[in-house]
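Here is the structure we will look at.
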Amino acid sequence: MPFTVYHLASGLLIGLFFRRWLHWPTLLVVTTIFVDAGIAFASIHVFAHSFLGCVALGVLSGFVMRFMFKWFGWLEKFFNSFYLVSGNGLRSYVLAGVLGWFIHVVLDAPTHENMYPLMPFSRDNPFLIQNFAVAELIYNTILVGGLVAYLKHFYTSSSRASGYLVAKFQIGVITAFAGLVLSPLGLRIEGRGNDFALALSQALILLGLITSLEALRKMRLIGLARYLFATFLAALATTTYLILNFHALTVSWALAATTLLILRKPLAPIKLELASKSISVIDVLVIGWFLAIALVGIPIVFLAILMLVANASKLKPSETRV
């Protein structure tokens, strides 16, 4: 199950409860990325998806992440922006590495017949669930639980640090981002698709956008007319996406692009300082969105959205009505 939101959600949910004792970013990176990186090395992929591999490779991952955070100082600052850093000793990195690896294996075992969690002691998978509907219910529960728990944690932390309006804007952006990441799960490939993920993704995008727009309106950064028009476009874009054909997806993309253009002015204060120059994050997001139609813009979109959240404290309420 390479890099799925289910692994990310499980890391958010479990990491929230154990954040005092482990390094939360390490848990997230290991469980969503490191384990499946073994696909590139067929000789260790099977071992990587075993409980024995959890210990050996989890410890190694903890040391790797410790090294990365030591030498790349911006990593801690970035994750701190999302209130994801607590434990910071070497032991917290190692514990996070082992637990992150373990969570990934446990989550994969019920749906992967060619996994051998108990190797080298057994070449069977006793955790396999034959009923896919049951497995899907479990994964969807983890998905919703992880998202809700993290959003609550983030809102509480951000409200204390930046005030409730900035926190509300950030929560809206994160919620919409979660929906955007979930969207591909609903696409029907070879007749299969997750209908729950499809509906949830578009509901999250719409709810997130409305929440962020409401925060901007209360900051007096957008007027009522722009708020209503952007909300209308967002609602139209998300409902059109549900049709799931090429023309509908194209229309949905165009409506979303129009919404972003409407928000360029109120979000202009959120800038990134690069060398001696500053660049507006919303402009990067708009460029990425237009390039996303050729796929190359997708990572730009994701990065720009994260930067909007991380730098949202630069938004200041206007003293005059818009």
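All positions are counted from 1 along the displayed chain.
For all residues, glycine too, the Cβ spot is worked out from N, Cα and C.
Marked as transmembrane segment by TrEMBL: 21-44, 50-69, 90-107, 127-151, 163-184, 196-215, 227-244, 279-310.
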Beyond the flanks of the transmembrane segment (196-215) by 6 or more, those residues with Cβ under 8 Å of it: 136, 140, 143-144, 147, 165-166, 168-169, 171-183, 185-187, 222, 227, 230-231, 234-235, 237-239, 241-242, 244, 259
Paired segments the transmembrane segment (163-184) and the transmembrane segment (279-310) in contact, 3+ CB pairs under 8 A: yes
